[in-house]
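Structure first, commentary second.
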Amino acid sequence: MRLKLEPDLYHDPHTAAANMRDNTTSTSQSRRLSSEFGSTFAPAAIGEENADEEMLLLEEEMRNSMEPQVPETSGREKIVISQECELITLMTRVKGRFDLTTNQIMFTEIASLKDDGQRHDFKFPIGQLRELHLRKFNLRRSALEMFLTDQTSYFLNFTTRTRNKIFTKILSLQPPNILYGSGRSPAELLKSSGLTQKWANREITNFEYLMHLNTIAGRSYNDLSQYPVFPWILADYTSEVLDLNDPKSFRDLSKPIGVVNPKNEAEVRSKFDGFEDPSGMIPKFHYGTHYSNSAGVLHYLIRVEPFTSLHIELQSGRFDVADRQFHSIPQTWKLLMDNPNDVKELIPEFFYFPEFLKNMNRFDLGVLQMTKEKVDDVVLPPWAKTAEDFIAIHRRALESEHVSQHLHHWIDLIFGYKQKGPKAVDALNVFYYCSYEGAVDLDKIANAVEREAVEGMINNFGQTPSQLLRDPHPRRLSLDELTIRLLKLELKRPDLTLILDRVQCTACDLSTDKDPVVYLSTPKSPPRSFLQTSPDMLITVTKSGILGCHSWMSFDKERGFLLENDATTLNLKNRKKLTGPFHPSVTLNSKLFAVSVDAKYIYAGGIWDNSVRVFNMARGKVVASAINHFDVVTCIAMDNCGSYLVTGSKDCTCVIWSLSTSNTVSQPTGSNLQPNTAALNQNLAGNVVGSANVVHLTNNLTPKPVHTLYGHDDAVSCVAIMTELDMVVSGSLDGTVNVHTIKNGQFIRTINPIGCTGCKIEISYVTLSYQGHIAFSALDDTSHSVHVFSINGVSLGSKYVSGRVTGLTSASDYLVVSDDAGDVTMSRLYGLKPIFDIPLHVPTQTVVGTVGNTHLLAPLRDGSLGVIGIQQPIAYKKHTVLNV
């Protein structure tokens, strides 16, 4: 998903395109790509009905012929296969060469170097490959889509036979981190993933499930003709306040968008019944347009590059006339209801990307003919005051109870059993036949010009997703049903934010008040099945540096969770202690530690020699050390992928470290890295710490510095990192929050807390949500406050808190704050509207949200652990239960 805007260094206001539009009359023939399909195919192009069976047989043959190929261990890299192909980027085909070696995957553009120096070349170690999907391109089964561990994806188009050979060669190298890579059909993949059951049991959100369905069905952000499709969910775009408890506020999800208005049914039905093709080759259809195509996507995204340029290219070098632009959400909905020939559904951006509703680039989009009103930002419904407001309310509407109970009907239409066949006819859901998988065989068209024309028509008209279900989709549990099944112990714990009225807190003994826990983490274990992670450890560090590896499960029939203490923490002889030695000025706290995703290592700052130390989790011994700061490391954070680490220091800088264990990590071009004088002479005399903790400075566990980030005027106090969004955020005692990119170390912006005054403003904690919201706490001379900004620097809310913030984390769409008064509060990230307040009575050290948002853990200063989650209403003998 594209969440983060990037600076456009070569901004084009497209003045010429606006002038060309204004110089044309209303009767001029503008290129209308969303118009009805007006061409037929040669008989040779008609696909075979048994195409699905052919694909299954072909892919079964691929699986059977696959032979494991052992990667080279001698250090010599060999080419396994090399092939010409096309890189698909939105609407552009980039010709190049694909090379697969024993260690990495590469694409090299064939074209000569462009004027701006931009090329589409890429390469990555094969260990970064996470998913490999067979894809269609222009209805031809000839493409592959690769997803990496940092969520980057590449869409490559080959010939069908070459694609299959590449696919088997990649899998034969047995990529170590691959979650999915097989020749299964999309329907088989969905069935084996268990995602439908997870959604029905409310373990994943409506948004997440729709994204999974789109991905499995072949929809991709890389190909505009197969862009992810989302439903119109609301019908009320006129009220001042949107009532999400009123069914009348919602669109009927059981009907295609073309007949949501009952007045259109007769016209659509008669069109189908009255259609006759003289050649007898074209089947009947209800709609000559499609709910998702290139022109439709560009229609919505016209205000954001590169979609603006692509729109102009499709319109023969000009902007489309203003009255046909996407300029008002209420008006767009009204036109949809009045016109059965316009059947555009939504794109995912309507639920997470407010910037596409704002004309931030100040493009001249024209003037409406009737009102003479200039088209600028998109006109919003009365119930949304800002674009951010619209996205937040729209996302809540998607997750509402009404949509949850009816979404399966829309899935049946788009991905399910009503997609084609007699059920589609009954549901008034049949589209022009060339949009369906297997309907057209481009390889049978011998004439190159004719084949190119057909490809263009398919590309512009729209493509129906792969059919995932042939039976009715199960419905989702209602909240009442979910509660009953939870009480009967029939379900695992869902997201605690769903049932906040049943949230309780239990205090467990974890340490002592003399040596309380200051850091805890529930690391990601290696994934055990498709799209699933299973945390099974709780890592703790106490104020004196005692390391604990406790057994933690977020589900237990009796207590709601299972926590088995690490016995070594109580044994003076066997306990694991992190011996820095830490700098005398440092008091151990939660910001000084980070745990690897596989829970094998813990990274620590605060060391006397300014280094980052890597400790073995099993024994608590130092296994690696690296120095790139001139002063003590004050904070440390790791990304969700386990690829990068970021540290902040008293020297006012941050350093991004690569954690790759392979030797393929190269220095990025244009890096601003300035290594600190031979790592301060290889740690000086710090090679031996304590009695026998030998520090290995050059093994493959040693973090490798990638970028040094500048911009603060005082010590860095907190850091956060998210590789998926290519962003590092750092807070400082100078009162600022800086945002940089990971790949290039590029400074993006500085954020200042709103409403803070006085001579001294400090940023104490910072965290990133899964959508890139930047949340941080600040304190000035008179107050403590919490602030939330969007990934693109827009303020989403600020609030004062009663005490000094001691912990900050995000859980789903909520922000959790703990303070030294002993309160844990949860608020919406947007607007910081409070949801609940849990008085723990004992001051907390820090807060962490666990995987799946099933529990929040709050280490208390009396040494116990506050476990906040959905509990059974049963009596506890040893634990205090606080009902909320």
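Keep in mind that glycine also has a Cβ here, set from the backbone N, Cα and C atoms.
Please treat TrEMBL annotations as automatic predictions, because they have not gone through curation.
Sorting the compositional bias 'Basic and acidic residues' (1-14) by DSSP state (H, G, I as helix; E, B as strand; all else coil) yields 0 helix, 0 strand, 14 coil. Per TrEMBL, compositional bias 'Basic and acidic residues' is recorded for 1-14.
Positions annotated as domain 'BEACH-type PH' by TrEMBL: 74-171.
Residues annotated as domain 'BEACH' in TrEMBL: 184-476.
If you look up TrEMBL, you'll see 1-38 marked as region 'Disordered'.
For 626-667 (among others), the entry in TrEMBL reads repeat 'WD'. Mean pLDDT for the repeat 'WD' (626-667) in the predicted structure: 85.
Remote same-chain residues near the repeat 'WD' (709-750) are listed as 3-4, 7, 150-151, 591, 631, 634-641, 643-656, 668, 670-673, 756, 760-768, 772, 774, 776, 778, 780, 789, 791, 793 (criterion: CB distance under 8 Å, separation of at least six residues from the stretch ends). The annotation repeat 'WD' is assigned in TrEMBL to 709-750 (among others).
The domain 'BEACH-type PH' (74-171): residue composition by secondary structure is 15 helix, 55 strand, 28 coil, according to DSSP. Outside the repeat 'WD' (626-667) by six or more residues, the chain places 103-104, 125, 127-128, 149-150, 524, 583, 585-586, 591-598, 603-612, 673, 675-676, 679-680, 683, 697, 700-710, 712-724, 728, 730, 732, 740, 742, 745 with a CB less than 8 A from a CB of the stretch. DSSP places the residues of the repeat 'WD' (626-667) in helix, strand and coil in these numbers: 0 helix, 19 strand, 23 coil.
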